Amino acid sequence: MAYHSFLLEPITCHAWNKDATQIAFCPNSHDVHIYKKDGDKWSKIHELKEHNGHVTGIDWAPESNRIVTCGTDRNAYVWTLKNNVWKPTLVILRINRAARCVKWSPKENKFAVGSGSRLISICYFEQENDWWVCKHIKKPIRSTVLSLDWHPNNVLLAAGSSDFKSRIFSAYIKEVEERPAPTPWGSKMPFGELMFESSSSCGWVHSVCFSHSGDRMAWVSHDSTICISDATKKMRVTSLITDTLPLLCVTFITENSLVAAGHDCFPVLYIYDEAQGTLSFGGKLDIPKQSSQRGMTARERFQNLDKKASSDTNNITLDSLHKNSISQLSVLSGGKAKCSKFCTTGLDGGMCIWDVKSLESAMKDLKIK
């Protein structure tokens, strides 16, 4: 596992380019920094400055090499690289609250933006007018949209929001794509059609994710639950109440395996059993070093109380690689079908790249199916 600390500021969101040689992230500010790997070091090569509010979402299209960003200024920008300079194009989202998340569609001909306006903006490029326009998905969203993920068919869109619901909508835009083929989630897909709505969550839905096939959707909530809906099993929902602090992000790494992370500062593996319809804990992927678990002596305890007016509980350092909450997960190589590497960024200003095979060999009982 390779860990790199970029800054002291928290990393609120990130995105990788196609060959995973460059990473774009927001250091909890109005700007986006782009770093390039140079041997074992990372060097800053670009700084994107256009937003006048905190950047809340970044996505990097692998084929067209365009970056889309959104922020609390209620705007989105599409960035295009010309002569080694990133040029922004403003996208009017027609919202009156902060944008919270953004995702390119698989075919990169549109993108979705979730916001505090209780709606999702589906943005696409109009060739005739030479600008980006958007359509809104509103009903039945009743609160801020916190996370988005596209189905592989480029039409269905998963959304998690702070009204305790995860949903799947049709984001079919007839101007830019052909009529979609039927899926296990449904056959009729006019724009804005609600294909699925969860009822099992009792907390804000922080993250949603489709599997590689698109037949399963997973989500994590602030009540420390992780859930999966399987469209091939009549949209059966399987949930697991975890013993961790709330999870903030989740991704499939195979069709039956998921990695999630959040306030516990380490990634966790979960296994879905299709036959049994169960979700189980697969193991912690960041084992603490036992040598550093030494207790304090009575003398040290009283010295701390005398000098710092603090107890020993305030002086325990985390043994995980990340020293603060993990805010985002992304698959680096192998895709969601058979991930070989994934990346985490956190509020400690650090980024870690995890090698799946190395994790399997380092942990005896770990089996990723």
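The count begins at 1 with the first shown residue.
Any Cβ shown, glycine's included, is placed from N, Cα and C.
Source: prediction; values computed, not measured.
Sequence-distant contacts of the repeat 'WD 1' (6-45), counting only residues of its own chain at least 6 positions beyond either end whose CB sits under 8 Å from a CB of the stretch, comprise 51-60, 62-63, 65, 67, 69, 71, 86, 324, 327-328, 330, 332-333, 341, 343, 345-351. Summarising the annotation, Swiss-Prot assigns repeat 'WD 1' to 6-45.
If you look at the repeat 'WD 2' (50-89), the same-chain residues 6 or more away from its ends with a CB under 8 A from one of its CBs are 12-18, 24-26, 28-32, 34, 95-104, 108, 111, 113, 115, 121, 123, 131-132. According to Swiss-Prot, the feature repeat 'WD 2' maps to 50-89, an assignment based on sequence analysis.
As a whole-number mean, the pLDDT of the repeat 'WD 3' (94-135) in this prediction is 97. Taken from Swiss-Prot, the feature repeat 'WD 3' covers 94-135.
According to Swiss-Prot, the feature repeat 'WD 4' maps to 140-179, an assignment based on sequence analysis.
Here Swiss-Prot flags 200-239 as repeat 'WD 5'. Same-chain residues lying 6+ beyond the ends of the repeat 'WD 5' (200-239) with a Cβ under 8 Å from its Cβ atoms: 146-153, 156, 158-162, 164-166, 168, 183-185, 245-252, 254-255, 258, 260, 262, 270, 272, 274, 277-279, 329, 335-337.
Same-chain residues lying 6+ beyond the ends of the repeat 'WD 6' (242-282) with a Cβ under 8 Å from its Cβ atoms: 203, 206-213, 216, 218-228, 230, 233, 236, 318, 320-331, 334, 336-339, 342, 344, 346, 348, 354, 356, 366-369. Residues annotated as repeat 'WD 6' in Swiss-Prot: 242-282.
As annotated by Swiss-Prot, repeat 'WD 7' applies to 321-364.
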Beyond the flanks of the repeat 'WD 3' (94-135) by at least 6 residues, Cβ under 8 Å: 53, 56-64, 66, 68-76, 78, 141-150, 152-154, 157, 159, 161, 169, 171, 173, 175-177, 191-192
DSSP residue counts for the repeat 'WD 2' (50-89), split into helix, strand and coil: 0 helix, 24 strand, 16 coil
Counts of helix, strand and coil residues, the repeat 'WD 3' (94-135), according to DSSP: 0 helix, 24 strand, 18 coil
Tally of DSSP helical, extended and coil residues in the repeat 'WD 5' (200-239): 3 helix, 22 strand, 15 coil
